[in-house]
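Q: Take this structure first; my questions come after.
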Amino acid sequence: MNENNETLTRGFTLMGLFTHNKCSGFFFGVICAVFFMAMIANGVMIFLINIDPHLHTPMYFLLSHLSVIDTLYISTIVPKMLVDYLMGEGTISFIACTAQCFLYMGFMGAEFFLLGLMAYDRYVAICNPLRYPVLISWRVCWMILASSWFGGALDSFLLTPITMSLPFCASHQINHFFCEAPTMLRLACGDKTTYETVMYVCCVAMLLIPFSVVTASYTRILITVHQMTSAEGRKKAFATCSSHMMVVTLFYGAALYTYTLPQSYHTPIKDKVFSAFYTILTPLLNPLIYSLRNRDVMGALKRVVARC
């Protein structure tokens, strides 16, 4: 009880993504650029998909909500990190840390599910195009979206209370750039069995199952593409699928490292780098890879510019 009362009073200190040295200004500038580019790219995607009738399709509906999640996701973590660097301190209250942990888990869980279900959407579009209007109807799209948000919310409501109710009797310095659950666990003392059990169940449900759906869908897509008679169409489809798989592998791979590998494989530097992949880099790559390279999206952008 004393440890919990002290934590509520003192809060925590975030050590940040990088230390203050002669290169820190460069890294700060890079992260600033990535953050603003991600916000602009996702904002453009949301705007175009909402105003252009040509993009009012199930696929772009899901992509617009992926952009919404990415915008919320990166906004939960990066602004606080940048302000901490400028102010030269990383203090965060217990309530703010709990809120950040809750929000990032919810957004991350929602994105895990949405990416998995979007891979299924692409599988149906390429492998069963004649049945696409039936299998991916607007009703199904809303169900996909609702299940993604429900999965993310369930992740937050399960893990956040358990994580933040642990007694933090070791140190109040978090060697990380945000309040990530596995890092918080290292500061805790006492019995962690309940947390580890819930974490294992959540990892199977939130990571391994969606990643298996993604892998199976894209494997089937690649087989179908390989059987295409048109060499140009096959080349274009392979290029699109490979870029999508790169983003998905980066996102899921980094998260699998963070949440499934034993503690003996982890170091603070590795944890920060892998976390940066799926919290900072992925929200920028998603709109670039999934959407802005798409001819329909670029056509919509040109039509908007022409009307201005």
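Each Cβ is built from the backbone N, Cα and C atoms, and glycine gets one as well.
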Q: Disulfide-wise, see what Swiss-Prot says Cys97 is paired with, picking from Cys23, Cys32, Cys169, Cys179.
A: Cys179
Q: Based on Swiss-Prot, are Asp52 and Arg131 on matching sides of the membrane?
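A: The record shows them together on one side of the membrane, with a shared topological domain name.
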Q: Given a 10 Å Cβ-Cβ cut-off, pick out the one of the disulfide-bonded residues Cys97, Cys179 that has the most other Cβ atoms nearby.
A: Cys179
Q: As a test of reading the model: what is the averaged pLDDT for the topological domain 'Extracellular' (1-28)?
A: 73
Q: Are there three or more C-beta pairs under 8 angstroms joining the transmembrane segment (146-166) and the transmembrane segment (237-257), sequence spacing 6 or more?
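A: Checked: the transmembrane segment (237-257) vs the transmembrane segment (146-166), no contact.
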Q: Do any residues, 6 or more residues outside the topological domain 'Extracellular' (79-98), come within under 8 Å Cβ-to-Cβ of it, and if so which ones?
A: 7-8, 11-17, 20, 24, 28, 31-32, 35, 160, 164, 177-179, 184
